[in-house]
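Undergrad: Quick one: the structure is below, and I'll ask about it shortly.
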């Protein structure tokens, strides 16, 4: 039986063997608090590759040490961090998948002893510290850090880079009027609020010619915040700059009540795909092969990002293939266990 979920997908010169992407999820497992990859990361990501995920995306990886969410985040701010990341991509490639990395800066959501940096001195909520408004020098230094992180990503063997522009972290904070109260060239109008991301994309394009994704929060869930229609314009600009795919998440720039249900964010991937004419990834409570297949068949997205379901079951692609009646090519080491496996949870 044919399956869209298990059909290949090519972006630039990178071909994924199927449309399943491991969504970036922080593991907070750099135990020495130095940003280094540990044995856990190798097993964690290598297992999902062996489980037949098409693209394994490494968790949010900090471009600067002060840009970590926690002290145990992975980092890519120094050349000494390349070796561990290269071991990770080797694990992933050796097990048949492509490797991606999400480059990130936590902004005002950094829970470190040092000052949190943000576009404006506006805290996320009343329990978090008031961030320091970034100077122009700090903004330019952060843009340079993203560029240097892209260079290190290439040296580490990654096939795809994703810029983390979602979930209330630094780039999202610049984009949203709820967190960006600046009156200079990086605040005010949509064009000015986009400037920080624009300059990051431009800087990465100078050193990286592989597939480039951006994760967005397509809805602020606040009457004075951004909606998916605002992101249509933003993503049109991203496409003009050469971004290849928009990973469509939502929320978390301010505290908000969100109506969560299976596939609740697919609508954003569909809207951006249709109105900005750019490839999209759907993410959020996608838990079955049939659900993922329907999203692709309905042309609502191009890739399916799976998060928690891959934490519950690293071999989710096998279950999805069984569900869809698709014969999945197994690693030769597992050929002694042919046939269907249980889909019971």
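Yeah, the Cβs are placed from backbone N, Cα and C, and that goes for glycine too.
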Undergrad: Which of 102, 265, 267 shares the FMN site with 23, 24, 25, 26, 60, 215, 307, 308 per Swiss-Prot?
TA: 102
Undergrad: How many Å lie between the Cα of residue 165 (substrate binding site) and the Cα of residue 60 (FMN binding site)?
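TA: If we compare the Cα positions of residue 165 (substrate binding site) and residue 60 (FMN binding site), the gap is 11 Å.
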Undergrad: Consider each pair of residues in 23, 24, 25, 26, 60, 102, 215, 307, 308, all listed by the record as binding FMN, and report the largest Cα separation in Å as a whole number.
TA: 17
Undergrad: Under 8 Å Cβ to Cβ from residue 25 (FMN binding site), same chain, six or more residues apart: give me those in sequence order, or none if nothing qualifies.
TA: 59, 307, 308, 311
Undergrad: Please name which of the binding-site residues listed here, 23, 60, 215, is nearest in space to residue 166 (substrate binding site), Cα against Cα.
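TA: If we rank 23, 60, 215 by Cα distance to residue 166 (substrate binding site), first place goes to 215.
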Undergrad: Which Cβ among the binding-site residues (164, 167, 215, 308) has the fewest C-beta neighbours inside 10 Å?
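TA: Each of the binding-site residues 164, 167, 215, 308 was scored; lowest Cβ tally within 10 Å is 308.
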Undergrad: Greatest CA-CA distance (Å) over the residues 28, 164, 165, 166, 167 that the record ties to substrate?
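TA: Taking every pair among 28, 164, 165, 166, 167, the longest Cα gap is 20 Å.
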